[in-house]
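Database features (TrEMBL):
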ACT_SITE  A:Lys78  active site, charge relay system
ACT_SITE  A:Ser157  active site, charge relay system
ACT_SITE  A:Ser181  active site, acyl-ester intermediate
DOMAIN    A:25-471  domain 'Amidase'
Amino acid sequence: MTDLTNLTLAEARDGLAKGDYTSVELTEAHLKSMEAHRNLNAYITETPEKAIEMAKASDAKRAKGEAGKMEGLPIAIKDLFCTEGVQTTAASHILEGFKPEYESTVTRNLFDNGAVMLGKANLDEFAMGSSNTSSYYGNVINPWKGKDGKDLVPGGSSGGSAAAVAANMALAATGTDTGGSIRQPASYCGIVGLKPTYGRCSRWGIVAFASSLDQAGPMTKTVRDAAIMLGSMAGHDAKDSTSAPMAVPDFEAALTGDIRGMKIGIPKEYRVDGMPEEISKLWDDGVAMLRYAGAEVVDVSLPHTKYALGTYYIVAPAEASSNLARYDGLRYGQRVMDEGDSLDDMYMKSRAAGFGKEVQRRIMIGTYVLSAGYYDAYYNKALKVRRRIYEDFANAFGSVDTILAPTAPSAAFAIGENEGDPVKMYLNDVFTVPASLAGLPGLSLPTGLSSEGLPLGLQLIGKPFDEETVLRVGGVLESAANFTAKPSGLEG
Amino acid sequence: MTYVIEGSTGPWEIVVGLEVHCQVISESKLFSGASTKFGNDPNTNVSLVDAAMPGMLPVVNAACVRQAVKTGLGLKAKINKESVFARKNYFYADLPQGYQISQFDKPIVGEGTIILDMPDGSTKAVGIERLHLEQDAGKSMHDQDPKYSHIDLNRSGVALMEIVSMPDIRTPEEAGAYLTKLRAIVRYLGTCDGNMNEGSMRCDANVSVRRPGEPFGTRCEIKNVNSIRFVMQAIEIEAKRQVEVIEGGGEIVQETRLYDQRLGETRSMRSKEMAHDYRYFPDPDLLPLVFDDAFISEIEKELPELPDEKKARFMRENGLSAYDAGVLVAEKEKADYYEVVAKGRDGKLAANWVITNLFGALNKAEVGIADSPVSAENLGKLIDLISDDTISGRIAKDVFEIMIETGGDPEKIVEEKGLKQITDTGAIETAIDEVIAANPDKVEEIRAGKDKMLGWFVGQVMKSTGGKANPGMVNKMLRDKILG
C-alpha cells in the first residue's frame with residue numbers, strides 16, 4: 001500500500017469514498033508520521049486518542065451514508081483556535097494549561113463536516129511573528145533544508161501548520177493570517193495557503209491578535225485541497241459581527257482550468273529595490289505561465305504599497321495591545337503573585353512572566369500609538385492610509401480580475417538569522433500585508449525553487465469575496481508550474 | 001433665581017454638569033445573551049463573552065440600541081444615524097476584557113434638552129450634550145475575605161446609557177430637579193427603572209465655581225453619588241470647598257473626588273496626573289451602528305406622552321397651575337392616578353384632592369402612589385359626593401381620613417356613619433335658634449358691628465349638627481336671622 005500520508009486531501013477524500021482505506025487507517029498513518037517528525041516541533045499538543053476516536057466515529061458515519069465534505073480527513077489545527085476540552089495555548093506561556101469549554105466556529109464547522117483533529121499546531125506566540133521562533137513551546141523547524149543543511153524557519157505565524165502539511169504530518173491544516181501568517185509560511189514550506197476575504201470565516205473562538213485583520217484559512221498541499229477545505233471552514237456566523245452574511249460558494253467548482261481572457265494585474269510597486277534576482281525571475285515565470293494559459297497580463301499601480309508595512313505595524317499592535325489585556329492572570333492561564341501583592345503587582349508579574357519578548361514589544365508599540373497625544377499622529381493616520389491602500393486595490397480591480405505578486409521577498413532563512421533585528425523580521429511581510437490591510441483574499445502557492453533548492457511562492461490577490469477567481473487562476477498556475485519538489489530535510 | 005456662595009471676598013457662582021449612568025431595561029446584556037436580572041447569586045449571569053474568555057466576540061443587543069434611541073427621542077435629542085463603539089482601555093479586576101466597550105467620538109445620541117420644573121413653578125432648560133451606550137463593569141467585593149477581593153461578574157456587560165448634561169446647572173436645587181426630571185423621563189419611557197438605591201441610576205457631578213460672569217473655573221468630578229439628596233449636598237459642599245481653597249490663595253486641581261455623606265465632605269480619589277489614559281479606539285469587533293429614518297420613526301411612534309407634554313395638557317385642558325401640573329406629572333403613576341380622578345370631574349378640584357390630601361397623607365405614611373390605600377375611583381366618588389352636596393367639604397375630609405385608614409368606598413362610609421349633609425331648612429333653623437338663644441350677648445356684639453363673630457356662630461351650628469349641616473345654608477340663614 002502507498003504511504004497514505006503522501007495523499008492530497010482530495011485524493012484521500014476520494015479514496016475514503018471508494019473504500020480504499022478507512023479514516024482510522026489514514027489517521028494512524030499520520031499519527032505515525034507525527035511521531036517520526038517530532039523533531040520539527042510542528043505540534044504543541046498531539047491528540048492521538050481524540051484523533052482515533054474521531055476517525056472511528058467518522059468511519060461509522062460513512063458506513064451510515066452520512067459523509068460530510070471533510071469526512072474522515074485528518075488535519076492539524078493551529079493552536080490559536082479554541083478547541084473544546086483540548087489545551088489551547090496560542091503558543092504563549094500565559095495560556096498554558098487553558099482548556100476551553102467551547103469550540104471555535106471554524107473548527108466546529110470542520111468537525112461537523114467530518115474532519116479529524118490530529119493535534120494543535122505550533123505557531124508564533126499569539127500569532128505574532130514571521131519565523132515561528134517566538135513560540136513559548138520552542139521554534140518549529142522547516143522540513144526543507146538548504147545546501148548547508150542548517151535548520152530553517154518555517155515562516156510564521158502558522159509555521160507549525162505549514163511544516164506539518166509539508167512533512168506529511170497532516171493532510172491539511174488550519175492557519176490564521178493577520179499580515180501574512182498563512183501565505184508566508186506556505187511559501188517557505190512549499191505548500192498552498194489561502195487567506196480568505198476578511199469576514200469569510202468566523203473569528204469566534206480564535207484567540208484574537210488584531211481583530212480587524214485576523215482571518216482563518218486553509219493550508220494544504222494543493223489548490224484543490226484549499227478549495228475543499230475553505231468550503232468547510234467558511235460561512236456566516238451570527239456570533240461574529242464582522243462575519244459576512246454571504247452564502248458559501250462551491251469553491252472546488254471554480255477550478256475550471258480555464259483562465260482565457262482573464263486579466264491579471266502586475267503591481268509595479270511590488271518590484272522593490274533590492275529584490276533578489278530569483279524572486280524577480282519567479283514572478284516573471286509566473287506571468288509567462290498565465291499569459292501562456294490565455295490570460296491577459298496588465299500593469300497596475302498600487303501607489304500606497306510602500307506605506308503598508310508601517311501602517312500594519314501600527315494597526316495590528318494597537319488592536320493587539322487591547323485584545324491581550326484580558327490575559328491578566330485573573331480568570332485563566334498563568335498567574336504569578338507573591339504574598340501581599342497588590343492587584344497591579346499581580347498584573348505586572350503575570351504578564352511579564354506570561355508574555356514573550358515579541359508579544360511584549362507589540363503590546364508596548366500598540367499602547368504607545370493609542371496613547372493621548374500620539375493617537376492622531378499614529379493610529380488615526382494609519383487608518384487613513386489603510387483606507388488609501390484599500391482604494392488602490394479597488395482601483396486596480398476596476399481593470400483586472402486578480403493580482404499576481406511574490407508572496408515573500410526571500411526563501412526560508414536560518415533559525416536565529418533575523419532575531420536581533422525586528423524591523424528586518426517585519427520585512428518578511430512586505431508583500432502580504434497590503435492584502436491583509438485591504439481585507440482581500442490572497443492565495444500563495446509554490447511555483448519554483450531558490451538557488452538553495454528551497455521553495456518559493458507566488459500569491460494571487462483577489463477582489464473581496466472572489467476567492468473563486470483566485471482559486472481558478474491558482475489552479476492554472478499550479479498545473480503550469482508543476483512544483484513536485486519534496487522537502488529535502490526529511491529523514492526516511 | 002440666583003444662587004451664590006458668599007465668600008469672604010465676594011459672591012461666587014457655581015457651575016455644574018452631570019453625567020448620569022442609567023442601566024438600560026433589557027432582558028439580556030449589551031453584547032451577550034446573559035440575563036440582566038438583579039439580585040441573582042454572584043457569577044450566575046455570566047456568559048463566555050462577559051468573562052472575556054479567549055476568542056469571544058461581542059454581538060450588539062438590538063433591544064438595548066432601541067432603548068437608547070427611545071431615550072434620545074425622549075430627551076428631544078438628535079439621533080446619530082451612524083455611531084461607533086469604542087474601547088476604553090484600563091486594567092481592573094472587575095473589568096474582564098481589560099477594556100470597556102463604550103462610545104467615544106461618535107455616540108448614538110447627540111444634543112438634546114431637559115426642562116426642569118422648579119419648586120416655585122418656574123422652568124429652566126438644561127442642555128444634553130450626548131447619550132452613549134456602554135457596558136457596565138462587574139462588582140468588586142472587598143468584604144468577603146480578609147486578604148482577597150471577590151468579583152461578581154453578574155453586572156459585567158449590562159447595558160448603560162451615559163447621559164451627559166451641558167454645564168448649565170447653577171444651583172444644587174437645579175441639579176436635584178434635573179435628576180428628578182431625567183428619572184421621570186426614563187421611567188415614562190420604560191428605558192431605565194431609575195432606582196438610584198439599587199445602582200441602576202448613578203450620578204457623577206462636575207462642579208466648579210466662578211465669579212458671576214467670568215469664564216468657567218477648574219472643575220472637580222464627584223464620582224458615583226447614589227441619591228438625589230446626596231448629589232445636591234455634595235455639590236454644595238464641594239463648591240464651598242473650592243471657594244475656600246481659592247480664597248485661601250490656593251488653586252483648584254482637576255481631579256476625581258469622592259463624596260462621603262457620613263462626614264459631609266468630598267475627598268480626592270485621584271488627581272489628573274494619576275488619571276487613566278484610556279486609549280480609546282474604535283472596537284474592531286463591532287460594526288458601526290447605522291440607522292435609517294424608518295427605524296427612528298418606528299421608535300418615535302412607540303413614545304408615550306412624556307412629562308412635559310402631559311404637564312402642558314393638564315394646564316391647558318384642566319386649568320391647572322404650572323406647579324400643580326408639575327407635581328402631578330413628576331411620576332407617571334401619579335399622573336395616571338390623577339387622570340382617573342379628574343375624568344368627568346372638575347380638574348382643579350381633583351388636583352387639589354390628589355395633591356393636598358392624598359399626596360399629603362401618603363407622604364406622612366411614607367407610602368408610594370402604587371400602594372395608596374385609596375383608589376383613584378374611590379377618590380373620584382368622594383369628590384362626586386361633595387359636588388352633588390351629599391356631604392360638605394369638611395365632612396369629606398373626615399370621610400377621606402377613614403378611606404386612608406380602611407381603603408373603604410366613600411359612599412358606603414357616608415351611608416354607614418350617617419354623614420349625609422343636612423339641607424333641610426327646618427332642621428338647620430332649629431339648630432340656629434338654639435345657638436342664638438343660648439348666646440344673646442354675642443348676637444349683640446355682631447349687631448354692634450363685630451362681623452367676625454358670625455363665624456363663631458357658624459362653627460357652633462356645625463358642631464351641634466355634627467358637621468352635617470350645609471355650611472353655605474347655615475351661613476346665609478344666620479346672617480338673615482341676626483342681621484336681616
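Cβ atoms here come from the backbone N, Cα and C positions, even for glycine.
Just so you know, the Cβ of A:Lys78 (active site, charge relay system) picks up 32 other Cβ atoms within 10 Å once every protein chain is counted.
A separation of roughly 11 Å, to the nearest angstrom, links the Cα atoms of A:Ser181 (active site, acyl-ester intermediate) and A:Lys78 (active site, charge relay system). The Cβ neighbour count for the residue listed as 'active site, acyl-ester intermediate', using a 10 Å radius over every protein chain in view, is 37.
Note on A:Ser157 (active site, charge relay system): other Cβ atoms within 10 Å of its Cβ, all shown chains, come to 35.
The two recorded residues A:Ser157 (active site, charge relay system) and A:Lys78 (active site, charge relay system) have their Cα atoms spaced 10 Å from each other. The DSSP secondary structure for A:Lys78 (active site, charge relay system) is strand.
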